[in-house]
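Report on the following structure.
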Amino acid sequence: MKKKSLTELISDLKGNENVVNWHEIEPREAKTRPMPESIDERIKAALSKRGIDELYTHQYSAFQYVQKGESIVTVTPTASGKTLCYNLPVLQSIAQDETNRALYLFPTKALAQDQKSELNEIIDEMGIDIKSFTYDGDTSPAIRQKVRKAGHIVITNPDMLHSAILPHHTKWVSLFENLKYIVIDELHTYRGVFGSHVANVIRRLKRICRFYGSDPVFICTSATIANPKELGEQLTGKPMRLVDDNGAPSGRKHFVFYNPPIVNKPLNIRRSATAEVNELAKEFLKNKVQTIVFARSRVRVEIILSHIQELVKKEIGTKSIRGYRGGYLPKERREIERGLREGDILGVVSTNALELGVDIGQLQVCVMTGYPGSVASAWQQAGRAGRRHGESLIIMVANSTPIDQYIVRHPEYFFNRSPESARINPENLIILVDHLKCAAYELPFRADEEFGAMEVSDILEYLQEEAVLHRNGERYHWASESFPASNISLRSASQENVVIVDQSDIANVRIIGEMDRFSAMTLLHDEAIYLHEGVQYQVEKLDWDHKKAYVRKVDVEYYTDANLAVQLKVLEIDKTKEKSRTSLHYGDVTVNALPTIFKKIKMTTFENIGSGPIHLPEEELHTSAAWLEIKTADEDIGEKTLEQLLLGISNVLQHIVPVYIMCDRNDVHVVSQIKAAHTGLPTIFLYDHYPGGIGLAEEVFKRFSDINEAAKQLITHCPCHDGCPSCIGTEIEGIKAKERILQLLDQMS
């Protein structure tokens, strides 16, 4: 049978009735500038061997700004040569003066390893003795000593910087005395709690640099987000120059939204996205068109992989289709990456591990199983197809979830608007106090010293009263025997964490993670299904007193969702927007939450297939919230009906908030109350699910009119009769729920 070309397959797809939007991105010519004359001849020769004799405009701009001592954030698409934006000035600096040093921060170990091998290839071709080392948990003690003394370029991650480098800075004197550049790659991944912690780690890093007499320039790179310059400045505390004049070429891209057919009309349930992805990928692979499939979890990766291998084993054999996810050994991952670059591997099914800048060469087709959760992630994944020249195809196959349905019905949101803003709150008191402890352990604090832009004398006095610090004249010294960084996780806002223990293999019981207490109530109760790096675990026992959750690997087709009985108390109102019938506020609240029952929800249809009780004590959370009060409701709506309508609105808002604010669905909780304690009015609260808040609720307050408009659009365009899991929740009998909810949302806008 004659193989079809990609062009023919694209033409066939145009006739598919499930294609709901077809967006074409025109090809773009390269925009280049000559190689700057100041660049060392050995670097020019090494780049020339790799076919690089000119620079793209963004690489040229980045080099010029950094040479002037400006800190920069470079924002260009995947595979546009961002790495040269930092490698070039760093290598130039060390070629000019071999005492100069650079620190590279990557969010994952895999990415650090990948960048190290690319960097070492250039260094080898330069013929200069520049030593670059990765420094992570796998680095052997013998190598560690070498890195500290002789590493020109130290490649690590924020967790190692926080717990292994900064507390032992006296062993790293040659790095800190001569540190010229700090590179932060994949800046957009530093958001929420993690980003708020990392901003404080950077404050500690800058403090130690000042102590050793260095003032490094920051070179950041980011995927496309709405606020890269602002995020870079918040994270580093330095003014940033934005470099976004992308000069890299790209071929024609077809970006297709595909909505599976409805199989249950009353409930508006569609055929599973996984089944559609299998069929679509099969067509490309059997015609030998190199394809990448993205799935949200490891379990889904393995399911799709086995299905596709089965579907195409006669045509191309199973060896040329591989899975790729965290948990694979580095050797195996390198082999898959090489196979993709060289064309021996035709298809790969991956979690978002391949979203970040690992070099896998040029693929022709990218298929996404569902919306990846943010516009930035979707564009990162799309960038994996047609990385250099030639035509490419991206297909996003929608799930039945409200957020997926909103995206495929509103392509203009996806293609025309700026993507989401990444939010951090380095001043979160719990996070800030933790890092002040670490900073005081590293170097004594002067009484008048600032940390970031904050005066911290009150906090230092408090820590002295708690006997954590000891004051001697004008300085505060660390007074405790303990080592603070080892007890502080960068992934959690509160350090009173529940440790998650995997006992799937009794001979190899291991800790796989931790979670703050407040989240653990709803995500780690007995019988909960917990997802860790895409693997499903069931909680066999939550030992609340000793803060341990014992889990075992399972493979099930449902997830669990806990009901919380929530009492909210408003502590302080900071901002208000008044409308004739509603008021929108932002401020501080306490949340008293008691988990009551959990439900088992089927992944494909969102049906409730079982439930059980949760026996845990009440917990209190101090956080920030945005809340909307309805001052006057229509008189013909009874209290019971209004309560149901508020629940419906809450369901929609819970799904829509992550479309506008870069966060996961569980980061902002939505709770409705028919009579709020402080006013007696019907109220919907949207609160940060982290102690102290991390800036998400404030962003909800700022962007509420956009969020409200999106909620109305979602309900209006949902084809169900009067409510379904894809919009306001299951049907509310006999009250014209959709119509009335739209009226209420109109009053709020």
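Here the Cβ of each residue, glycine as well, is placed from N, Cα and C on the backbone.
As written in Swiss-Prot, here are the features:
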DOMAIN    63-243  domain 'Helicase ATP-binding'
BINDING   Thr76, Pro77, Thr78, Ala79, Ser80, Gly81, Lys82, Thr83  ATP binding site
MOTIF     185-188  motif 'DEVH box'
DOMAIN    276-430  domain 'Helicase C-terminal'
Self-check item: Spatial neighbours of the motif 'DEVH box' (185-188) far in sequence, C-beta under 8 Å, 6+ residues away
Solution: 73, 82-83, 86, 104-107, 111, 115, 220-223, 225, 228, 231-232, 235, 356-357, 376, 422, 662
Self-check item: DSSP-derived class (H/G/I helix, E/B strand, else coil) of Pro77 (ATP binding site)
Solution: coil
Practice problem: Give the three-state DSSP assignment (helix, strand or coil) for Thr83 (ATP binding site). | Solution: helix
Quiz prompt | Neighbour count (Cβ, 10 Å) for Ala79 (ATP binding site) | solution = 19
Quiz item: In the structure shown, which of the binding-site residues Thr76, Ser80 has the fewest other Cβ atoms within 10 Å?
Solution: Ser80
Practice problem: Out of Gly81, Lys82, give me whichever of these binding-site residues has the highest number of other Cβ atoms within 10 Å. | Solution: Lys82
